Amino acid sequence: MIYLDNSATTEPDPQVLETYVKASNRYFANPSSLHRLGNEAEDLLESARSQIKGLLGYGRIIFTSGGTEANNLAIRGAAHANQEKGRHIISCKTEHPSVLEPLKQLEKEGFEITLLSVDRKGAIDLADLQQALRVDTILVSLMQVNNEIGTIHPLADIRRMLNNHRALFHVDAVQGAGKLLLSEQEMPDLLTVSAHKFHGLKNSGVLAVHKAELEPILFGGGQEGGLRSGTVSVPNAAALAKALRLATPNPDHLEWNAELRSFFAGYKDIYIVSPSSAAPHILAVAIAGMRGETLVGALQQEGVIVSTSSACSSKNKQASHVIEAIGLPREYRDGTIRISFGAMTTHEDISELKKRFHKAHQLIKGVEQS
Amino acid sequence: MKTNQILIRYGELSTKGRNRKAFISRLRNNIQTLFAGTPTLRIKAERDRMFLFCDDEQGMEDIVSRLPYVFGIQSFSPVTQTSLELDDMKHTALAIVSKMDTKDKSFKVSVKRPNKEFPYEKPEIMRTIGGYVLGNTPELTVAMRNPDIDLSVEIRQDAAYMMAETIQGAAGLPIGAGGRALLMLSGGIDSPVAGYHMLKRGVRLELIHFFSPPFTTERAKEKVLDLAEKLSGFGSPVTLHIIPFTEIQQEVHKQVPDNITMTSTRRMMMRIADAVRAKTDAKAIITGESLGQVASQTLESLQAINAVTNTPILRPLIAQDKLEIIETAQAIGTYDISIRPYEDCCTIFTPANPKTKPKTDKVEHYESFVSFDEMIDRAVAEREIIEFPRNKQQHFEDLL
């Protein structure tokens with residue numbers, strides 16, 4: 001089986017699993033407990049925290065149950081902590097639901113939300129952002145890499161623009177972390193990372209907080225400096241630290257991406273959705289006059305796992321909000337599939353994909369014509 | 001534009017005559033040790049000031065945030081480098097000023113122009129930069145004398161250098177200039193502050209802690225480890241000696257009447273401390289005692305406790321109020337550790353009515369029935385020694 005749905009989730013690295021199992025055995029104690037076992041668990045937790053901080057480059061690291069919670073904490077937490085300064089938030093139409101949904105909630109609470117539009121490439125216009133910025137803008141939330149089509153937002157430009165503005169800058173780096181390094185010029189005030197996107201484990205993420213006031217969204221025992229109550233999972237924290245250390249950008253992805261682009265360019269009925277500047281590990285293509293799920297199914301029969309535009313939206317019948325936002329031509333609108341590479345992807349997988357895609361394509365087109 | 005230099009003004013040490021060179025090289029070494037994790041750091045020490053150069057931004061931020069705690073520094077200023085284009089210079093100037101608190105502040109630009117080929121004269125440079133900054137920062141007023149913000153611009157051959165911020169240093173003397181002493185560290189608020197004051201006088205620290213399991217918990221010990229870690233953050237490593245103290249403490253309680261156990265216990269601690277001091281080549285013992293704070297800190301008590309040794313006992317907090325001490329503890333970041341609610345060996349076994357005026361000869365009399373010497377030797381021999389700063393991560397190499 002050829003697994004090319006790494007943007008939905010990745011296969012855990014055996015070394016990460018080993019860390020999880022070992023840490024669960026040896027350091028099962030509650031890190032808040034008074035006794036020596038608690039103490040040792042806390043030591044491991046803090047070591048994991050400082051390793052993650054070192055790898056991300058900065059920030060106060062708060063462990064969460066994953067990307068969704070980290071995004072919720074960043075957005076709701078920053079909105080509520082800063083509402084005295086203003087109640088306007090800027091984001092973008094193509095953000096992940098874990099950003100868009102909390103924003104909808106905030107709108108109900110009286111916050112004003114501006115969602116920037118994107119062009120066919122999924123890119124925002126910096127002039128739009130500049131225009132949307134107001135004195136009472138308290139937060140700008142934009143993702144590093146779009147999960148459906150791979151568009152990379154120009155974080156350095158946005159960071160520079162916001163350097164002279166009070167608004168906090170949140171970046172959902174769930175699709176980018178461990179794959180594309182953030183430069184110092186791109187460092188936001190709040191950064192979301194999720195472990196299972198880089199061969200770590202599910203239900204494990206962090207929010208890195210850099211000079212930002214937040215209010216908690218979960219209340220209880222006051223763990224994580226009061227920002228995230230609930231017993232911290234030390235094994236999860238250690239596993240995340242390990243996965244992040246092992247994750248390195250893979251230069252081959254760029255090459256494979258180019259190879260597939262020229263391959264798909266050979267099909268008249270295929271439109272390459274991901275812009276050429278997109279993250280190399282994500283390639284979305286659309287097939288004319290056909291549902292993406294048909295192609296996903298056909299490829300699965302050939303032993304290749306890909307997804308429609310995103311795992312989250314693939315169960316809905318409608319086209320995804322991202323596909324809608326980029327204004328894909330009508331004939332392609334329902335036919336997007338996403339191919340995404342991970343650290344375990346090989347060049348052989350790519351060659352096989354090409355062969356098997358061709359078979360699958362012939363098969364469905366044949367059915368259609370008959 | 002890049003902020004990749006720091007100008008350091010020396011503290012008290014610039015007045016130290018012939019020792020000056022030694023002081024400066026101490027300071028330089030301490031800074032080097034403290035920022036060993038920042039490989040791009042270069043240090044240029046001159047007679048009157050020191051320059052740090054660091055090309056990575058993260059490292060620079062780290063240095064600026066920790067330098068205020070390094071002794072021997074009066075003040076320092078981050079220096080921003082920019083091209084010799086006037087436009088570049090004015091944008092940089094605004095960027096520097098806009099990071100500062102400008103509300104109701106007065107402002108001036110001063111220019112030095114050693115680069116005589118620079119096409120503009122001083123007044124023009126001042127007008128251009130000053131005008132641009134003021135135009136974009138309406139709350140600033142101009143003051144040519146004693147401005148709150150003095151943006152100084154130096155036009156050299158290679159680039160223009162600007163600084164506006166003067167950050168206060170910790171003053172004092174570079175650690176190591178004043179020899180070595182042993183600090184009795186309980187885990188409470190006072191002793192780390194006492195240690196801090198001596199560090200500020202250039203004294204290198206050894207630390208001693210008395211651990212009485214199971215009466216004091218691992219968490220109490222961890223508090224002390226965390227305090228030691230903090231105390232090692234001032235540019236000089238420290239060594240902590242943890243003394244197994246349960247046996248002696250129990251013996252004292254068996255042997256001496258309740259109301260003087262406290263005095264006697266302290267005397268035992270002092271004897272052990274003195275033995276460890278001798279082993280570590282420290283010249284004095286430091287305590288966090290403050291007169292009248294608790295029963296053990298009356299003059300009579302101090303006399304009875306002090307009677308076990310001739311070693312100088314330094315008590316930097318002796319005349320300080322609790323509130324002053326707390327303020328310092330908060331400023332140096334030990335307060336939050338000290339107030340964690342775990343008992344140390346001074347607070348367990350506390351008798352209901354300890355004598356506030358113990359008589360030395362009486363205490364000696366009660367102690368004379370047991371040979372504490374042997375127990376003391378054993379406690380010293382069995383001490384646990386930990387170096388700080390610690391690299392906790394090492395324990396978890398196989399996991400992380």
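Placed from the backbone N, Cα and C atoms, the Cβ positions cover glycine too.
Between the candidates B:Gly172, B:Gly176, B:Gly202, B:Gly288, TrEMBL assigns the ATP site shared with B:Met184, B:Leu185, B:His209, B:Phe210, B:Arg266, B:Gln297 to B:Gly288. Mean model confidence of the domain 'THUMP' (B:61-166) amounts to 90 (pLDDT, 0 to 100 scale).
Working note on the binding-site residues B:Met184, B:Leu185: by count of other C-beta atoms within 10 Å of each C-beta, B:Leu185 ranks first. Spread of the ATP binding residues is 18 Å (greatest Cα-Cα distance among B:Met184, B:Leu185, B:His209, B:Phe210, B:Arg266, B:Gly288, B:Gln297). Residue density at B:His209 (ATP binding site): 28 other Cβ atoms are found within 10 A of its Cβ, drawing on all protein chains shown.
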